[in-house]
Amino acid sequence: MAAADKVVETVIVGNYVEMERTEGKPTDIKAKLSNFFWHGGSVYDAWFSCASNQVAQVLLTLPYSFSQLGMLSGILFQLFYGVLGSWTAYLISVLYVEYRTRKEREKADFRNHVIQWFEVLDGLLGKHWRNVGLAFNCTFLLFGSVIQLIACASNIYYINDNLDKRTWTYIFGACCATTVFIPSFHNYRIWSFLGLVMTTYTAWYLTIASILHGQVEGVKHSGPTKIVLYFTGATNILYTFGGHAVTVEIMHAMWKPQKFKAIYLLATLYVLTLTLPSAAAVYWAFGDMLLNHSNAFSLLPKSPMRDMAVILMLIHQFITFGFACTPLYFVWEKAIGMHECKSLCKRAAARLPVVVPIWFLAIIFPFFGPINSTVGSLLVSFTVYIIPALAYIFTFRSAAARENAVEQPPKYFGRWAGAYTINVFVVVWVFVVGFGFGGWASLTNFIHQIDTFGLFTKCYQCLPPPQKLPMSPPPPFHLNATAAPPLLHHPGFNHSHSHSP
């Protein structure tokens, strides 16, 4: 069995080993620096990519979710969905390794081809699974990119409110379009590292600033109060730990993809050290005020430290936009036959049409916070929880498939019986609680935002401009209006005589 495992490992990583050998080792300083910053495929690169991608702008909306859920439920849901997300990321990694091993035994070559989740489903389960997986995955990543754009506009407004949020969305849409020049997840090495540093700073800024600020006067922690808000908050946390829609692409960028198994769990454990303290501290300080402030920055006083956190989150959202959009670029390239093109400039030009609908949707639905829950319940629930669990069940439904599986379920999960039991639980729980109750609650809340603010709103949840009318009233209609009060008190008084020279 050990020998067979070694053979399988060689098959899985064969192409990557060959690629490294054929490229050769860089000799000059410029090539070495380029490799150090630009070409990443190690376990550490994958960990940075997973952790950085998972905890993007949602860090700023988790206190809002705590105000909907209450402190205890907020903490428990984070722990629960963190574990659930790690399990389904593990399932995706197993299915990827299974697919890739089968294809490479058939002499398939992935030198210039990035394997994606819908192709894994196609190879293992057929075209119907592929179509469903492709539809959910692309829609989720599309709205994931939309959310990053909305977050950019929402954050920069707290530094510079001379422009409304819609105008900032136009500007950042143009900036984020530059991600078309990043070829693949291999090339996110330095960005993933910096992204995680940025979110770490922001999380601890939120925690420390909230504690130093102290509780606002008359603070109330009344959550949960409404079942709609409760499930809306829960689905935002479902969305938080459902960032593994790009797991396959991250794995494919690794030199040894079979080492991915525990990476997502380790990334989630680190992310919890950021999300739990920050969300709990902000909710402790501001309580129910968060129900009307979905962005945590809006309640903290302006300071150089807050401005730094805002700027770092803006840069990070640019990176996360690239993470969410790159798989969409790949799908589009494959659809138009440009995926294996060697020219980076041609591929970048071909990718640009993908950015346009993202830009447009961010302007239509600028509801930072509520849109996370809606995407979580309707798209994340299927994309990264239900479909992977069902795909695993159906891929290994026969005894022969289970016996020849490249990756056997671990003993401490009870082998196949345990894995199937966990998967059935995941499917039922996420379908009923995440999609069912969560979908109802988040859609109700989303429609309420549309009714309150309207589509294409210029500045979602902005403070109203200072009212100038009381300070500078319109000029009086009557020239002698100053004499009006005496008229009321002395109807018989002749004002024309009193004012005559």
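Keep in mind that glycine also has a Cβ here, set from the backbone N, Cα and C atoms.
Note that this is a predicted model, so its numbers are computed, not measured.
Quick look at what TrEMBL annotates:
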type	residues	note
DOMAIN	39-410	domain 'Amino acid transporter transmembrane'
TRANSMEM	75-97	transmembrane segment
TRANSMEM	134-156	transmembrane segment
TRANSMEM	168-186	transmembrane segment
TRANSMEM	193-215	transmembrane segment
TRANSMEM	227-250	transmembrane segment
TRANSMEM	262-286	transmembrane segment
TRANSMEM	308-332	transmembrane segment
TRANSMEM	352-369	transmembrane segment
TRANSMEM	375-396	transmembrane segment
TRANSMEM	417-440	transmembrane segment
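Tallying C-beta pairs under 8 angstroms between the transmembrane segment (308-332) and each of 75-97, 168-186, 193-215, 262-286, 417-440 places 193-215 first. Ranking 227-250, 262-286, 352-369, 417-440 by CB pairs under 8 A with the transmembrane segment (75-97) puts 227-250 at the top. Among residues of the same chain six or more beyond the transmembrane segment (417-440), those with a C-beta under 8 A of the stretch's C-beta atoms are 84, 87-88, 91, 228, 231-232, 234-235, 238, 373, 376-378, 380-382, 385-386, 389-390, 392-393, 409. Residues 84-85, 88-89, 91-92, 94-95, 98, 121, 124-125, 129, 132-133, 136-137, 139-140, 143-144, 147, 235-240, 242-245, 247, 402, 405, 416, 419-420, 423-424, 426-427, 430-431, 434-435, 438-439, 441-443 of the same chain sit 6 or more residues outside the transmembrane segment (375-396) yet have a Cβ under 8 Å from a Cβ within it.
Contact between the transmembrane segment (134-156) and the transmembrane segment (193-215) is absent: fewer than three CB pairs lie under 8 Å, with pairs separated by 6 or more positions in sequence.
With a threshold of 8 Å between CB atoms, the same-chain residues lying at least 6 positions outside the transmembrane segment (262-286) that come near it are 43, 46-47, 50-51, 54-55, 59, 62-63, 65-67, 71, 74-75, 78-79, 82-83, 85-86, 89-90, 93, 199-200, 202-204, 206-208, 210-211, 213-216, 219, 221, 240-241, 244, 247, 293, 296, 299-300. Looking at 168-186, 193-215, 227-250, the range that has the most CB pairs within less than 8 A of the transmembrane segment (352-369) turns out to be 168-186. Beyond the transmembrane segment (168-186), the same-chain residues lying 6 or more positions past its ends with a Cβ under 8 Å from any Cβ of the stretch are 38-41, 49, 114, 145, 148-150, 152-153, 156-157, 246, 249-250, 252-253, 314, 318, 321-323, 325-326, 329-330, 344, 347-349, 351-352, 354-355, 358-359, 362-363, 366.
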